[in-house]
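What follows is a short report on a single structure.
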Amino acid sequence: MFKLNLKIALRNLWKNKTSSFINVIGLAIGLAACLMLLLYVSYEWNFDKQAKKSKDVYIVMTHITDDFGKDIFTFDGTPTSLSSTISSGIPEIEFVSRVSYDQNLLIANGENSFKKTAKFADADFIKMYDFEFLSGDEKTALLKPGSVILTQSMAQTLFGTTQVIDRTVRFQDKTDLKITGVVKDAPSNSSNKFDYLLPWSEYGKVDKAADDLSWGNYSFNTLVRLTENANILDVDNKMDRLVKGKAKWNHSPFFLFPLSKLHLFGKFENGKSVGGDIDQIWLFMGLAFGILLIACINFMNMATAKSEKRAKEVGIKKTIGATRKSLILQFLTESMVLTLLSIFIAIILVEGALPTFGNLLNISLNISFVEIKSWLAILGIVFFTGLIAGSYPAFYLSSFNPIQTLKRKIKSRGFLSINLRQVLIIGQFCFAIMLIISTIVIYKQIQFIKDKPVGIDVNALVDMPLEGELKEKFDLLKTNLLNSGAVSSVAQSSISLLHHGRNFSGLEWQGMSKAQNSILFNQVGTAYDFIKTSGLKLISGRDFSPQYSSDTVSVLISSAAAKIMELKNPIGSVLKFNKTDVTVIGVFEDYAWDSPYNANNPMIVYFNKDNSENVTMRLNPKQSLQENVSVIEKITKEINPAYPVQLNFVSSSYDKLLRKEKTLGILSNLFGGLAIFVSCLGLFGLVAYSAEQRTKEFGVRKVLGASVASLMQLLSLSFIKMIGVAIVIAIPISYYAMGKWLNNFEFHTEITWWIMPLAAISTLLMALITVSFQAYKTAKANPVDALKYE
Amino acid sequence: MIELKNIEKYYSSKGIKHYVLRHVTTTIKQGEFVSIMGPSGSGKSTLLNILGMLEEPTYGTFEFLGEDVTSLNERKRIELYRNHIGFVFQAYHLIDEMTVYENIEAPLLYKKVGSSERASRIANLLDKFNIVAKKDLFPNQLSGGQQQLVGIARALATQPSIILADEPTGNLQSAQAEEIMQLFQKLNKEEGITIIQVTHSEKNATYGNRILNIQDGVIKEDSPTQAPQMGGVV
Ligand SMILES: Nc1ncnc2c1ncn2[C@@H]1O[C@H](COP(=O)(O)OP(=O)(O)OP(=O)(O)O)[C@@H](O)[C@H]1O
Ligand SMILES: [Mg+2]
């Protein structure tokens, strides 16, 4: 039976080319979209989950509250002392290690020098994960000071080979390190990715704070691995007891959080995870299955359109001994065959589109065809799709009573079938219209943020790290750059203009409501020409200037800071900063330095020539960009030959802050387009089928004198009405949903009235074109042909 | 083999009962060839459908092969279709997507007959009905008479003990109709298959050996046929 069913399914596919084509192409697009999104979802979902014991690896989080226990924020920074404090006395902790945030540092083999991602960690770090050592002894690799572990690709880049054990690399143009191990590169979806790994003891050479055992500097991660099935609450409590005496807290701010969850559930409120990027994952899952469902609906609609014919078939087969089960199997065979055919096309489509798609999202995705898991997943999707697509004929039609279907005068259109079809079409177009509206709103929001004044003129701003020789010779650099004419102004600072950094320590002002400040201030150390270079607008006062020797104990504050400190007359006010009295000499307008979506924290700019990490330059607008850049590169390289020059455009950093929303925009645009296309494809199929069914009727009507226009109306009006209903349903839903989405942003655009008619009219137009094309063809046909046809 | 006792069938609309069959009581024995006749709308098809268990009577009992089948579940009914009953329809009702061969094969597949047995039975039927050359054609490539031959071959494939035919020649020319009737007669005579047919044609009725005349849902006359029975080879 199965063989015959299969044969007939294939024969039907071949015979009804139009509807097969529509079904297969629609399903293939739906499946391809679904596969791509699922690939992306699985990439995100598997973040930090590759290692065998990854679920036992936790990161210590710090929950900062104010004096009254009110939530301030939660982050993954911890002080250096924590790890040694909890390393003994908590039996559940197998391994504990301090780990640095990613550091982009210089590593060289002779002339071959690169800035690559370095990480510093304690020896236990190696044991937490199953790093695959290509060479070297994993037990001792991270023990000795002066050692380094390279990844395979790092070794290749530096030496052209991975046989590099015991060779030396030069680090930061200062120290020679001995290579003690080469490990396989970590997958790109892991947060502990590095190009080279150094023992913690080396960290002090880059950041002195790393050498101190302190409870005050939260610039380091602490990772632990627990024994299997350890109770986290117990561990948290034990940690609490160990930490309590050490610092002045009433209770410990530390708690454990699974590292593998941080990526997707990294949004915290009150020290509890309240989601995060997982929301986006749900959204993408919804999109993936939404598109697939649209394609399945096409299939179902074609099936319901043909249900009259199929019902008769069911009736006949039942009288010759077919059971319901065998009929269900037959219908499912048909849809499975179709889905299988579609998945092959889908895989080809995915293979073709994946590189571009990956580029758009800035990650590399690929289907690993060698893994059984991916095949199982694909088969699962095929099965699921085939089942959904085939469910209507399989379960509904097969239940028909033979006599109903065989009687000559069976109601030509089942009440239920036409209704179901309408509902499905309306649902399809609802989804498509909602996607169009979302796309427009998302783009509008991105545009709104882009157009919002950031407070500084970022277009001619570049910055680069202040490192190596540059630190010592900053004044020479500044003079040379200014003399060259490539830049109009240069300033040094502790951090770049755009960064995620906030701090509430060390600041006091008069009339402060509490003994200790609990408001986060962005603190930037700088020297001369900060305002001039950045282009910040001074509201009152002046920039730092060498003319005033007292400027070394002066500060600039943002207008938000002035407001918070309630300074009536800010200029000349005296604040306490790091235990020193400092005078406010200038107030500048706020600018977006962290997130372009929210009002940023207040900012204080203090004078410090010695801890600068960054150079900001304003390019000379009179010269071409290339010229300026090459001059800067040349001058910098001369002074600091060991380091590659890393010029960064501040405007591109701003663009990066919009990445997440851009991704969302791209995806909803892409998949919205696909949804509309597949929906219209289905509509086309239905109109084509109904036109074919009514060829004779149309012939008769034409002979009786009906006009082409009236025939077209006859054929397309009901479809257009359905789109109308879809519009009416979709608009309020998307208005509500997008309103909610926009409310996530403190600064957001409005949903203007024209978006709705725009989406509605464009959808209607597309549907109209689809329908009329076929309707016109049918209506124009020669009546004689139509009547002869019977 | 068939016992109908006091079968009634009505449709109610707006509270009024429209009787289609009233007090139908009759017995049909194995090997009979019965023709049901009567004016249009008198309930012939309804009676045949009840005999074929496609419809249930409102009242009365129906025994088939000594078993009460008045209301059967789908599984048992399909069991009977597979083993005992063959249907022949006025509109042929072949499956358009299947070739002649496959149409005849389908009931055997449902009955799970082994492949060699299947092949020999189909070959036999194709041969008997002279349609070997047509076996790979689709129904829409055949004439009405040829389609009905295939329909009958399909009904016979499972070697049923009874064939129910509702106006099997209703769509055919008289020459083709005659051919079908002779075939029925031969099947009835030579293989002992019970045949019940609905027909409007007096002439077709004479091929059988008993006529049930129905008017307004009531059996008005139940008589053996007297007309000389025409022999002949198909
Ligand atoms: N589903 C139904 N609902 C209401 N009335 C019905 C239904 N099916 C059949 N009837 C009625 O039952 C009566 C008998 O129908 P039936 O099909 O048995 O007639 P028939 O004798 O076969 O006629 P014909 O020779 O035209 O085929 C008719 O009057 C018909 O209108
Ligand atoms: Mg009838």
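Heads up, the Cβ atoms here are built off N, Cα and C, so glycines get one too.
As recorded in TrEMBL:
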DOMAIN    A:20-241  domain 'MacB-like periplasmic core'
TRANSMEM  A:21-43  transmembrane segment
TRANSMEM  A:281-300  transmembrane segment
DOMAIN    A:287-402  domain 'ABC3 transporter permease C-terminal'
TRANSMEM  A:327-354  transmembrane segment
TRANSMEM  A:374-397  transmembrane segment
TRANSMEM  A:418-443  transmembrane segment
DOMAIN    A:485-627  domain 'MacB-like periplasmic core'
DOMAIN    A:670-783  domain 'ABC3 transporter permease C-terminal'
TRANSMEM  A:670-691  transmembrane segment
TRANSMEM  A:703-731  transmembrane segment
TRANSMEM  A:751-773  transmembrane segment
Leading stretch by Cβ pairs under 8 Å, where the reference is the transmembrane segment (A:418-443) and the options are A:21-43, A:327-354, A:703-731, A:751-773: A:703-731
Cβ pairs under 8 Å between the transmembrane segment (A:374-397) and the transmembrane segment (A:703-731), at least three: no
Whether the domain 'MacB-like periplasmic core' (A:485-627) meets the domain 'ABC3 transporter permease C-terminal' (A:670-783): three or more C-beta pairs under 8 angstroms: yes
Positions whose Cβ lies under 8 angstroms from the transmembrane segment (A:327-354), at least six residues beyond its ends: 1-2, 5-6, 9-10, 12-13, 20, 23-25, 27-32, 35-36, 39, 299, 314, 317-318, 365-367, 378, 381-383, 385-387, 389-390, 393-395, 397-398
For the transmembrane segment (A:670-691), sequence-distant contacts whose Cβ falls under 8 Å of one of its Cβ atoms, 6 or more beyond its ends: 18-19, 22-23, 25-26, 29-30, 33, 37, 287, 290-291, 294-295, 297-298, 301-302, 305-306, 421, 425, 428-429, 431-432, 435-436, 438-439, 698, 715-716, 719, 763, 766-767, 770-771, 773-775, 777-778
Helix, strand and coil totals (DSSP H, G, I; E, B; other) for the domain 'ABC3 transporter permease C-terminal' (A:287-402): 99 helix, 0 strand, 17 coil
Proximity verdict for the transmembrane segment (A:703-731) and the transmembrane segment (A:281-300), three or more C-beta pairs under 8 Å: no
Within the domain 'MacB-like periplasmic core' (A:485-627), residues counted as helix, strand or coil by DSSP: 19 helix, 49 strand, 75 coil
Sequence-remote partners of the transmembrane segment (A:281-300) [C-beta within less than 8 Å, at least six residues beyond its ends]: 22-23, 26-27, 29-31, 33-34, 37-38, 40-41, 44-45, 264, 335, 338, 381, 385, 388-392, 424-425, 427-428, 431-432, 435, 664, 667-668, 671, 674-675, 678-679, 681-682, 685
